[in-house]
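Peer 1: Pulled from TrEMBL, these are the listed features:
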type     : residues             : note
ACT_SITE : Asp37                : active site, nucleophile
ACT_SITE : Asp39                : active site, proton donor
BINDING  : Asp37, Asp39, Asp209 : Mg(2+) binding site
BINDING  : Asp48, Asp128        : substrate binding site
Amino acid sequence: MDFCLGSMKTENLDVRSAGEMAEMSPPQSARFLVLFDFDETMVSESSDDAVVRAAPGQALPAWLRAAFRPGRYNEHMQRILAYLWEQGVTEESIRREVERIPATPGLPALLDFLRSHRRDFECVVLSDANTYFIEAWLQRAGARQLFLEVFTNPASFDADGRLALLPFHSHGCPRCPENMCKQLVLQEYLLRRLRERGGDFQRVFYIGDGANDVCPSLVLREQDTALARRDFPMHRMLVDMRPGAFKASVVPWASGEDVVDCLRKFVEDR
């Protein structure tokens, strides 16, 4: 299942003009693909944690926190959103907390760099957050038009004012949470773009931080680059891999400027 924000009907979010939609479409000849995780890669904390500040007392009850089961976080987040609705938390309050999440250090510089090199880079978000959080934050940051597609768990407010969250898809990957295997999504996207473009990207750059960013990175080729946030789980896991188990280059980053330095080298290498 391919799910992207461009095809989702979210009447209070997706209000881009025809001109903005045209700006979102990079040239078919873009040489490079850049994939972004969202939580703790683009924004400084988990968006799921941020919305908890909209709850009474800015915290969840102990019984709800204790209900979490490993590998079933999407299901747990569904319960959290249901609890917020039961407590009378409004869409306005949830959106406000999402929009307040700070960007990671240097992200504005990275986004500016990519805007100024749109002919070189095709940008995509691949995240285990959800459509409402990502769309709201990107629009607030003025960055939505930079991304051709956003792959994440679908979420929208229903007629009762409840934010309904669903899993992205089902899969059989033992490494990933049951609601999303990022490797499967990336493989399907690369195959589709290969058919549409008539050729592969010269290089693929995957920017992430978490353990669930390792699985998609395993399909990267020798000429590709995994940009792992320094000292976060993705970085530690890739460093600990046995020699030969990982094909792509691994470049640690602490700020968006580090990522810009990496990307600029390839732009200038014509």
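Cβ coordinates come from backbone N, Cα and C, glycine included.
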Peer 1: Identify, among the recorded positions Asp37, Asp48, Asp128, Asp209, the residue whose Cβ has the fewest other Cβ atoms within 10 Å in this structure.
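Peer 2: Checked Asp37, Asp48, Asp128, Asp209; of these recorded positions, fewest Cβ neighbours within 10 Å: Asp48.
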Peer 1: Can you give me the Cα-Cα distance between Asp48 (substrate binding site) and the residue listed as 'active site, nucleophile' in Å, rounded to a whole number?
Peer 2: 14
Peer 1: Other residues near the Mg(2+) site, CB within 8 A of the CB centroid of Asp37, Asp39, Asp209?
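Peer 2: What remains near the Cβ centre is Phe38, Glu40, Thr41, Met42, Ser127, Gly208, Gly210, Asp213, Arg229.
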Peer 1: Taking only C-alpha atoms and a 10 A limit, tell me which of Asp37, Asp39, Asp128 are near Asp209 (Mg(2+) binding site). These are the recorded positions.
Peer 2: Asp37, Asp39
Peer 1: What same-chain residues, at least 6 away in sequence, bring their CB to under 8 Å of the CB of the residue listed as 'active site, proton donor'?
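Peer 2: Once residues fewer than 6 apart are set aside, the residue listed as 'active site, proton donor' is near Glu45, Ser46, Ser47, Asp48, Ser127, Asp128, Ala129, Asp209, Gly210.
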